[in-house]
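Single-structure report; data block below.
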Amino acid sequence: MASIWQYANPRKFIDTTDRFLPWLSALALVSLVVGLVWGFFFTPEDYRQGSTVKIIYLHVPSALMAINAWLMMLVASLVWIVRRHHVSALAARAAAPIGATMTVIALVTGAIWGQPMWGTWWAWDPRLTSFLILFLFYLGYMALWAAIENDDTAADLTSVLCLVGSVFALLSRYAVNFWNQGLHQGASLSLDKEENVADVFYHPLLVSIAGFILLFVALVFLRTQTEIRARRMRALLARERLQ
Amino acid sequence: MMPELGKYAGAVLSSYGISLALLLLLVAVSVRRARRMRRELEEVEKRIRRNG
């Protein structure tokens, strides 16, 4: 049986992801268009939130991906620390700008929704604050990669930063459960059907979430390929300079 | 075709506008950098092969 570690070979990773990328991209596009068009055009207003409920189709998936992108980076960083596979460190690097963008979308759409619903753009609520700190961790992570010339040293240091930042990724997810004192309501999605949003909002939301997940995976594949090529080019140029 | 968004039209439309713009920018930057890096690496590999 083939081992997952075969994809730690950069050539193998590029060849395999090249085969999946067109399908993943197409599926991501279709899911996003269906989810967002369904949610925006074909769902009713909420009796309390009015039409602002339509923001849920952007806010919930982006917040979910903001947290899960960091958790994916954590797994990839641990693989780097334990097994020293370059592809995993580069995959973590590739995921960071995507996670940062998702965090910005979650923060901005949350603020836009909060103004009419809570009467304020921002509150130092546990979930909002931990999300803002998570965004700062994303910026710090990307800055650290950019600041260090040696790839292996950069991978080591950013992996440690990723481990530390994971506390805030988890806090962002569970802050509402830990501290029942903020403005932010509980999770919109739950295994408990009673706590879930109504079906009329739930189904397009699931399609939209699927679209965000597929987009994330497609972009991580594409950007990891780019990081692998960039690393190879740096190595070739360095070797050329020595000759 | 356009749904009735009432007094929250500004909030809803700006949320969609900003989010879609950010997603499109992310995709465009990723695709552009991927193409550029692929091309540059091919050129470097070709040059190194040529020069032995």
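From the backbone N, Cα and C atoms, a Cβ is placed for every residue, glycine too.
TrEMBL entries are annotated by machine, without manual review.
Annotation source TrEMBL lists domain 'Cytochrome c assembly protein' at A:26-184.
Annotation source TrEMBL lists transmembrane segment at A:20-42 (among others).
Look at TrEMBL and you will find A:62-82 (among others) tagged as transmembrane segment. With a cut-off of 8 Å between Cβ atoms, the residues of this chain six or more beyond the transmembrane segment (A:62-82) that come close are 88-89, 91-92, 95-96, 98-99, 102-103, 105-106, 109-110, 131, 134-135, 137-138, 141, 155-156, 158-159, 162-163, 165-166, 169-170, 172-173, 209, 212-213, 216, 220.
Look at TrEMBL and you will find A:94-116 (among others) tagged as transmembrane segment. Long-range contacts of the transmembrane segment (A:94-116) within its own chain (CB-CB distance under 8 A, at least 6 residues past either end) are made by residues 52, 55, 58-59, 62-63, 65-66, 69-70, 72-73, 76, 122-123, 128, 131-132, 134-135, 138-139, 141-142, 145, 183, 212, 216, 219-220, 223-224, 226-227.
For A:128-148 (among others), the entry in TrEMBL reads transmembrane segment.
Positions annotated as transmembrane segment by TrEMBL: A:160-180 (among others).
According to TrEMBL, the feature transmembrane segment maps to A:200-222 (among others).
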